[in-house]
Structure formats: C-alpha cells, structure tokens
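*Asks:* Would you mind keeping the following structure in view while I ask a few things?
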C-alpha cells in the first residue's frame, strides 16, 4: 500500500497540436503512465512536452503516481470576453474531450484554474473578463466529469471569487469537488525583509493569517461539503497552534514543492525533520499528495521524490490500540446508547467486552474493596455479598470472582441483575456451565428488584461518554437501597468535562442529519458519541457535573447546572463542545477518557459532542461562556445548553424538545 500522489504542473500537456495521449514529443524525455494501477507521471513545466505512453505492463512503469493535475485551458490562452482584439476569435477553447476516455477524465485528472484570472480585480473589465473565463472553465470541467478542480487563493481579497464559485455549487448538476489551494504561510510573509532590501520593523511582523482567507471563503460559500483545502507546504512552518488549527479543517490534499526538498549525503531528495513530522500528522487525515515544481535532482530521477514520500508513509508509527479499534469510525456520529429504554444487541456487548483495560481496572477495584471489607485475620470466617447491577453477559461477574480468588477472600453470593431478557439467557448458561450456585441470576430492572439481602459491594458499568448520560445516577440511586450502610459502590465517583471544539467536518455531518418532517434545528439539539479526529480542542476541558455513590443526601436531586468560561488562544471557529468523563472506581483505581489522563489502551468510550447551530467566529483572547443544564422529569432526563459569550446563541434543546433519555 502506498500514499496517493498527484503529479502537478503538467501545464504544457494541452499545448501544441495534441490529437491523443499516445505521443508528446520533445527533449528526449519519456515517462510511462500505468493505468491498471492508477499511477500518473507527467511533466515539470521547465522540461517542455514529454513522451507519454499508455502502458499496461507494470515492468515498464518506473514511477507510480495516481493522478495528474493539469490546466483545464492552456495557461497562455487568455480569452477576451468584454473587450479586446481577441473578443471574436474563433476556434476551440482547448483540446477535445476525446483525448481521453470518459473513465480516465473522471478518475485520473484534477483540473487547474488558469493562473491569470483576477476575479476580485478593482478594474472592471479585468474582473468581468475573469468571471466569464472562470465560468467557462468550470463548465468545461463539468462536461469532462473531472472529480475536482484546484482553485488557488493568493490573498484575502476573495469575495467575488467565492460568489462565482458558490454560484457554480448552487447550479451545477455535477457534484464536483473544489480544492482550495492555500499556503501555510502567506506569500508576503515568506519574503525575507532583509533580502528584499527592507528593514524589519515591529509592524512588519504582523502575520497575514492564511487560515482567515480560508475561513472567509468557506463562510461566503456556506461551508459547503464540496469545498476542501489543498494545503500548500512552505519552507518555514507556522506555530504549533496554527498547524493544529489547520488539522481541524477539511484538508483533502497537500501540495509539496520540490523546492522544499534538501539533498542527503547520497544525493537523494529528503525533507527536513519538521516537514516530515507535519506530513506524518497529515497522513492521519488520509490526505492526497500533490508534487509540484522543477526536478532538482535530475540524476536521481523524478521517481526519487515519490519513493521518499512513500518511505515516509511506510515508516509511520504503528497505531495504538484505540486508533486500531476506531479505524473507520473517525468523526462518525452515533446516537448515545439508551440502555434503560433499549435492550442492547449481542454484538454491542461483544465490542464492549473486548476492552481489556476497563475490566482489568474493575477487577483491581473489586480486589481492593474485598481486602478492605475482609481483613486478613477474618478471611476464613467472614464472607461478603456482592451485587452486579446491569450485568450484561457477565464480564463483571467474572471480574468479581477472579478478584476474590486473587485476594484469597470469600464471596458468599454474587447477584447478577440484568433487565435485558436476551442477555439473561447468556447469564443462565454461564451459571450452569461455570459459576454454579455461587451466582444467582436475576432477570429484573435493578430499580424495582426487591433483594433478599443487602450487599457489601455494589458493582455497575452504567457510565456513558459524559459520565451520567446513560442514567447511571438514576439507576444507582434506585439500587442503593439494597446496599449496606457501610457498603461500597464501584464506581464511587465520576465527573464530566467539557471543552470548546472546532470541526467543520462534524458540523457538516450534523447538518446532513436533518430528518424529514422535523425542524431543521433538531439534529443540532442532541449530543453525539464520536471518535474525534478532524478537529481541534480550543481550550482545556473544565469540570461540569460530579456524582457520588452511594448518595446519602436526604433529598436526592440529579438535576444540575453549570456555567463555564474558556479563554481562546488564537482566532478560531466554535462548532460545538467536546465532552469527556473520568471515574474513581474505588480507592485509587480510575477510568478516564479525558485526553490528559486517558486510561492507556481503553476504547470502550468515545467522547461526546454537543453541537451549536450557528458556527461562531472567535478572536484571540475572546472568552467563550457556555451554560449547561441537566434536566430531569419523572419520565426523562435531557441536556440543555447555550452559548452567551462572545455571541449569544439560542438555548439548545429547551424542555427536551429534540432529545431526551428515557427513564
């Protein structure tokens, strides 16, 4: 497997009297295009036209690229639509679509807009001429069925370009992608002031933030899903915060110029350590790669660049267990489980039971609880009663029995309480085959069960991605009546956390979830469990709600309210909030999905995402204030949330109108 490559700047492919792709002559250069493996190799502009052969013989292909980026119209062909001597010039716009087959056009070629277009020029006739040429090129690319068009941004003056492109997005019958090419650092900021003969002053150090170009452009185009970023790497890299912000954007491909490559001792092209690290991070977004520029290592050949990038792909660090488990689920929105209302399926139980860390921690917690309940001098005379509420298919029962054996302590009886009748079938079979009379299986909702005796230890795994979002407080409050006064609850405490989040991808995913016959805001008024990937957390998570068990309050009230403030370190866009939790099972045994304290190797819980309806632009040093409520009724629990700084947004999910958790 290798990374996907585009070879860019075949600007002269359509120059001359080209009738087909069989032969392009000049300069004794020859490259092979191997179609059955989808590599593409084409020219650097300075080499002139090349021999290009279609060849199905793998042995004949010296390099393996996947696509080619080429101009839709010859870059030197400046049409005149408004005025000028060429206004009435006859002839074809560009070469015929018969040059390639339809399949090749829509699978092997990415179009490039002519570089001379100035759609935001202040000169009227230049702007209008550019508009007409842009429309003509986009229409022809749609006719060809090109999968994407590369559109460069050269400054923040892009309002009219955005209008023209958005017009195409609204009216086009063909669902074409637009890759907006943006440099990491603006062209102005790449210039060395001293080399340019200027003295660098404090005012010169003001950075022209190219991310603002992109944000302005995508906002004008209503953040269409068909818009994505072609990120152009520069010799100097911006700060870590700026890079992290770009990693939260829909980066589709990365443009790498040959001018960025250094030469190693053996004469081969290599990238600096900083560029290598950045490319490795971008690989995680499954980006395409576009190689562009002059061949600066002609003795090693063009293929040496491709081989080096492929080497970077092959030498990535192996994925950790969480990444391996979550493969394919990155940024995939899932509705949180409602185990009280719904009976889980066998496959869901199976996935959770594969987590070795969670059950190892539970076993350790039960082990310590048994040691505290039965001192070493009492181990031959004293026994404890242990209850597993929400036993599922029995993993916690197995943990408890293993912990007792490890601690050399006796458990008089284990009560496995489970409301799902299908899971009870598994429990009954395990009782018959493994556990015997030491375990009693109870098919009942824990809140309504009348226990024959009180328990010394109460064990449950009712935690959700936000701690309390699967109604652990309500369930355990109902079950604690059969826990002894000095009884131990595992878990004993859990806390939820919240942090502001930027992710256009998640926001667009929520936007596409609109259901027929339901208000448009419905999908934005419910939380989602999601493996956060293409996003940036904008500030450190803050504590939200904490619950303790057993709850000995005279009046048990699980409704909560919290207001939180976050300081923003750089310009960004607020698309919602990421939620996490950590839990103390017993003593110093913990579980956590909080990024800073995440339990190593644990994958049972992904974070939770609270979206906001209206993306909010944030400036550096802005304060984001959010209010979060946990509301309860006799039948339901739900969350309401509202942003009040820097912009006031409506309360999301008032009175649980879009989302509730059923009791």
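Yeah, the Cβs are placed from backbone N, Cα and C, and that goes for glycine too.
These figures come from a predicted structure and were not determined experimentally.
Dumping what TrEMBL says about this protein:
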- 461: active site, proton donor/acceptor (ACT_SITE)
- 470: active site, proton donor/acceptor (ACT_SITE)
- 349, 358, 359, 418, 445, 446: S-adenosyl-L-methionine binding site (BINDING)
- 65-314: domain 'PRMT5 TIM barrel' (DOMAIN)
- 323-490: domain 'PRMT5 arginine-N-methyltransferase' (DOMAIN)
- 493-661: domain 'PRMT5 oligomerisation' (DOMAIN)
- 352: site 'Critical for specifying symmetric addition of methyl groups' (SITE)
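Looking at the shown structure, can you explain where the listed features end up?
*Replies:* Proximity of residue 461 (active site, proton donor/acceptor) to non-local residues of its own chain (separation of 6 or more, Cβ distance below 8 Å) is seen for 358, 362, 390, 392, 396, given in sequence order.
Within the same chain, residues at least 6 positions away in sequence whose Cβ sits under 8 Å from that of residue 470 (active site, proton donor/acceptor) are 336, 337, 338, 339, 340, 462, 463, 464, 661.
Counting only residues at least six positions away in the same chain, the Cβ atoms of 419 sit under 8 Å from the Cβ of residue 445 (S-adenosyl-L-methionine binding site).
Counting Cβ atoms from all protein chains shown, residue 352 (site 'Critical for specifying symmetric addition of methyl groups') has 19 others lying within 10 Å of its own Cβ.
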*Asks:* Sorted by position, what residues of the same chain at least six away from residue 446 (S-adenosyl-L-methionine binding site) have a C-beta under 8 A from it?
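*Replies:* Residues satisfying the criterion: 389, 390, 417, 419, 475, 478, 479.
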*Asks:* Measure from the CA atom of residue 359 (S-adenosyl-L-methionine binding site) to the CA atom of residue 352 (site 'Critical for specifying symmetric addition of methyl groups') and give the result in Å, rounded to a whole number.
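*Replies:* About 10 Å separate the Cα atoms of these two residues.
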*Asks:* Mean pLDDT, the domain 'PRMT5 arginine-N-methyltransferase' (323-490)?
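*Replies:* Mean pLDDT, the domain 'PRMT5 arginine-N-methyltransferase' (323-490): 92.
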*Asks:* Max Cα distance spanning 349, 358, 359, 418, 445, 446 (S-adenosyl-L-methionine binders), Å?
*Replies:* 24
